[in-house]
Structures are given as structure tokens and as C-alpha cells.
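According to Swiss-Prot, the feature active site maps to E81, C144, H168, an assignment based on sequence analysis.
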Amino acid sequence: MEKKVLLTGFDPFGGETVNPSWEAVKRLNGAAEGPASIVSEQVPTVFYKSLAVLREAIKKHQPDIIICVGQAGGRMQITPERVAINLNEARIPDNEGNQPVGENISQGGPAAYWTGLPIKRIVEEIKKEGIPAAVSYTAGTFVCNHLFYGLMDEITRHHPHIRGGFIHIPYIPEQTLQKSAPSLSLDLVTKALKIAAVTAAAHEDDIETGGGELH
């Protein structure tokens with residue numbers, strides 16, 4: 001059965017001129033492979049406004065699966081996130097100058113939400129194509145985690161039939177010309193996200209493999 005997969009990517013932030021999350025996601029708009037039919041939307045790197053845009057995208061597309069994607073400069077792998085926490089703690093301002101500290105995303109909401117995606121399976125499928133990938137256990141405390149938590153809160157409260165989650169991606173090479181940081185080509189990032197969408201559409205259950213972090 002075909003599943004509509006909504007992918008979201010952010011606009012540039014923190015002085016960058018591109019955001020690879022949107023550059024990759026927009027390439028996949030209208031793509032179809034296996035059980036996945038993909039639609040793409042951009043969200044602003046702004047606390048709360050990003051959630052409002054996401055809610056409108058849900059109304060517009062009525063997806064079965066939502067995968068939000070964000071840039072994690074410094075990471076070397078495609079990293080599906082395991083958990084979102086109920087905390088805004090911004091080291092830098094967002095794109096409208098907001099810099100919340102020690103603030104709950106949802107007053108009265110749970111401390112954390114688990115992903116609804118088969119992230120270990122996604123990682124294995126991406127690695128089969130020679131693309132580095134690993135499960136991540138922290139999505140940070142900036143707008144990426146904010147959107148991830150807000151997505152799972154929205155799903156839990158209003159759309160229990162939707163499965164959702166978040167994937168962080170590295171810089172693309174053009175972002176590292178003036179700094180020493182790992183990067184991954186846009187082609188490989190795009191390929192990995194397509195694999196993630198198809199895998200999520202094909203499988204609800206995750207695989208049982210060892211993982212975790214020691215510190």
C-alpha cells in the first residue's frame with residue numbers, strides 16, 4: 001500500500017547561506033519509489049513558527065509518515081534521532097532573534113518522546129549503500145529538537161495514525177571550504193533520505209540490534 005511521506009527541511013541559519021536539509025529534501029519532492037510517495041516542505045529555523053508551518057503542512061498533505069530533517073554541522077554520518085526532549089535551550093538566536101533558555105516546549109507535556117520511525121532499520125539500509133549512518137541519542141536543544149518534539153506531541157495529541165521522526169545530516173562540502181569540518185555530498189544525503197522514506201513506508205517495526213552509547 002502506498003504511503004505518503006512528508007519530508008521537511010530548514011532554511012539556512014547561523015550565518016550559513018545554504019541548509020543541506022532543505023537542499024536535499026526539495027530534490028525529493030514528487031519522488032515515488034516502492035511504497036513511498038514523497039512530498040517536501042520548508043520550515044523556518046524559528047522556535048514555534050516552525051511548528052505552525054509543520055501543522056499547516058500536515059493539513060495540506062495529510063501524510064502517513066513525517067520525517068523532519070535538519071543540519072548537524074560537525075557530524076560525519078546520517079543520524080536518525082532516537083529521542084526528543086521537552087526543552088528549548090538556544091546557544092545562538094534563531095532566525096528571528098529568539099533565544100529561549102530553560103524553557104519547556106510543551107507546558108505539561110512529557111519530558112521526552114521516542115521516535116516513531118524504524119531508525120535502526122533505516123541506518124542499516126543506508127549503510128548497505130555505502131553511506132555512513134548511525135543512530136543518534138541527542139537531537140540537541142535548538143530548533144531541530146524543538147521541531148522533533150513538537151512533531152511527536154502533535155502526532156500524539158491529534159494524529160495518532162501518523163508515524164514521525166527526525167534525521168540529522170552533516171554539512172555538504174561547499175559549507176566546509178572555510179572551516180575544518182566533515183561533510184557529505186548532497187547526492188549521498190539525498191539518496192540516504194530517500195532510503196529512509198522508503199524504509200519507513202515499508203516497515204513499521206524496527207530491527208533488534210545492539211546499539212547505545214557508553215557516555
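The backbone N, Cα and C atoms fix where each Cβ goes, and this holds for glycine too.
Taking the features listed in Swiss-Prot, we show where each one sits on the structure.
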{"residue": "E81", "record": "active site", "Cβ neighbours (10 Å)": "25"}
{"residue": "C144", "record": "active site", "Cβ neighbours (10 Å)": "24"}
{"residue": "H168", "record": "active site", "Cβ neighbours (10 Å)": "24"}
Would you kindly give the Cα-Cα distance separating E81 (active site) and C144 (active site), rounded to the nearest Å? 10
Could you tell me the C-alpha distance between E81 (active site) and H168 (active site) in angstrom, no decimals? 7
